[in-house]
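> Dropping a structure here in structure tokens format, bear with me for questions.
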């Protein structure tokens, strides 16, 4: 029973060993997940990048990257990632809002800049998911094509299954504050983070009515500082 080790005043971070060649991290055993760790760090056997990332995170020298919103302009973040790669700088912890959340999630899957550019171009430019117009009862467009684009890019991944620690931000109209998504279904969290009021319908959840994170926190560097 690992639940007895849980504490409300002691931070718990987990380093989780993964087999070499594993495509996606294995989910935590439910009893371990019940500890509600602040951060899960996946380390593949023999993977020096993962080992170095763990060392930086543990020593407080992690390289954290937060990407802001901005619609199609958010795709410019891919150029930032390419510059990091050219400089030989690995990122350890990612966060973002709106389109920045989508790009950051792609990087958290351990994709390089070229793969991110190709995947997002196919899903969000080639498919043109925002041309799915409807009578503007809730919003100008339906959500089915956007949902399809997100599933095309991220499938049924959970945030906990990303290789790098990650969060994204949406705006909670019920509470009037920003909401941080650090676990659960990735596509749903991203749908909330990009739900521009009037253009896309909000995401209705048990936490409230969720819309584009840019309304409350377009560049959540403060969230990263708190989590790190």
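We count from 1, first residue shown onward.
Backbone N, Cα and C atoms are what each Cβ position is placed from, and that goes for glycine too.
What TrEMBL says about a protein is an automatic prediction, not a curated fact.
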> Name the residue range among 96-100, 101-105, 106-110, 111-115 that TrEMBL annotates as motif 'GXSXG'.
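Residues 96-100 are the ones TrEMBL records as motif 'GXSXG'.
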> Could you tell me which of the ranges 63-68, 69-74, 75-80 is annotated in TrEMBL as motif 'GXGXXG'?
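Feature motif 'GXGXXG' in TrEMBL: residues 69-74.
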> What are the DSSP helix/strand/coil residue counts across the motif 'GXSXG' (96-100)?
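Tallying H, G and I as helix, E and B as strand, the rest coil: 2 helix, 2 strand, 1 coil.
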> Using DSSP, break the motif 'GXGXXG' (69-74) down into helix, strand and coil residues and give each count.
4 helix, 0 strand, 2 coil
